[in-house]
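In what follows, a single structure is set out as structure tokens and then discussed.
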Amino acid sequence: MSSCSPKVCIVGSGPAGFYTAQHLIKVDIYERLPVPFGLVRFGVAPDHPEVKNVINTFTQTAKHSRCSFYGNVNVGKNVSITELQQAYHAVVLSYGAEGNRSMGVPGEDLAGVYSAKDFVGWYNGLPSCRELSPDLSCETAVILGQGNVALDVARILLAPIDILKKTDITQPTLEALAESQVRRVLIVGRRGPIQIACTIKELREMVNLPDTRPDMVAADFDGVKEALKDLPRPRKRLTELMLKTALEVPGEKEQERRSKASRTWGFRFFRSPVEVLAEPGHSRIAGIRLAINKLEGSGDGAQAVLTGEVEDVSCGLVVSSIGYKSLPIDPSVPFDSRKAIVPNTMGRVKQAAGLYCSGWLKTGPTGVIATTMNNSFDTARSIVEDMESGTLDMSAAKPGSQSISALLEKRGVKPVTFSDWEKIDNVEMKRGESRGKPREKLLTVEEMLHVAWT
């Protein structure tokens, strides 16, 4: 290793950024928003506070003398990747997946159709989604996709207000949900029960959600019991819980609970969206046309194949939860637009010395926070290996944040430090306290900056 101190920076302060930072000696983190933590703050459901505990670990990292946080810096706009590469020996891209996979069907631009990413951003206080104000005046909502995010959206749409008002869900969302007319949520997937993407924890929360009852189609589960014995254990337990919920006659207590429920939810399998249907003469949604599929093959590898049949479902709200996708940040960075990732080997960006990536940008948007943790540790290990082997050229001293801070100042960009963020954090917690919530988030960048700098 050369004698000059290695200068490393990370773009993005979500789990990928912080987990990568944990394993590096000295690091600067750049974040577009004035607030850190990415999807832990803006993705994790409000009623999952235990998942947000990783914030404590990230805060320890950020407050350590070896780590500096620069919020309110939009890399790609305020400063280019090339400029970061001139200032640092290694640049790690960990800015996640802020785009949406589109359904690619007619009518998906109608009023009343939302991406799950935007819907989640709305109830979690992401500044860019503040004005979404979805119309919840309909009885039936259809969610396309059956992953954990789809179940989060279903749960938030149906959960009793008394549960939600003790969470950090935003006040405008709480008010909208209190007025919501949504009483039925259908969670639609193109394959069958055995291929469902959610995990058992999320399914169990739906099954136990107060004032709701399941509404399933028994025929969707034909042959599922027979297939159980060949499934790996986690998948087997998930499928057993689904079978029990869909087909078993409930006990007396559960029967009574269900009969009193005012809201329903259910999976609809073997269905793909073909078209979002508009109200005649309006740009508002009236329903969705679904193609009916059959499966070819079995298990995880089964493919949904069109049968030629379709069915129409009346609904006033469609949330498309078919996956997030990463977007290119800068023309100088290699990007595989088909896979929507930065092409890499163990986090080393291909054909770009000194450039690395971690998190969803590296793998695509899959897995939970622990998955991202491991993939980020791997990237950090690659960087350390490259420093030690001399693959990473560290012969020249580099200025690091010193030159970038000067550039930003010249461009009229003022970064938010971690102690500035702590002022925002304190104000949010104080505001929450008066309402019996863990926090009341500030909802605009202007408000965040005002608090940070007064």
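Any Cβ shown, glycine's included, is placed from N, Cα and C.
According to TrEMBL, the domain 'FAD/NAD(P)-binding' annotation covers 7-157.
The Cβ of Val75 (FAD binding site) has 23 neighbouring Cβ atoms from other residues within 10 Å, across all protein chains displayed. Here TrEMBL flags Ala16, Glu31, Leu39, Val75, Trp360, Gly367, Val368, Ile369 as FAD binding site.
Taking all protein chains in view, 14 other C-beta atoms sit within 10 angstroms of the C-beta of Gly367 (FAD binding site). Positions annotated as NADP(+) binding site by TrEMBL: Gln146, Gly147, Asn148, Val149, Arg190, Arg191, Glu202, Gly367.
Per Cα geometry, Val149 is the residue among the binding-site residues Gln146, Val149, Glu202 nearest to Trp360 (FAD binding site).
The least crowded of the binding-site residues Glu31, Glu202, judged by other CB atoms within 10 A of its own CB, is Glu202. Comparing Cα positions, Ala16 (FAD binding site) lies closest to Asn148 out of the binding-site residues Gln146, Asn148, Arg190, Glu202. Listed in sequence order, the residues of the same chain lying 6 or more apart from Gly147 (NADP(+) binding site) and placing their CB within less than 8 Å of its CB are Ala197, Cys198, Ser321, Gly323.
Taking the Cα atom of each, Glu31 (FAD binding site) and Arg191 (NADP(+) binding site) are about 38 angstrom apart. Val368 (FAD binding site) sits 11 Å from Val149 (NADP(+) binding site), taking the C-alpha atoms as the reference points. Across the annotated binding residues for FAD (Ala16, Glu31, Leu39, Val75, Trp360, Gly367, Val368, Ile369), the two most widely spaced Cα atoms sit 26 Å apart.
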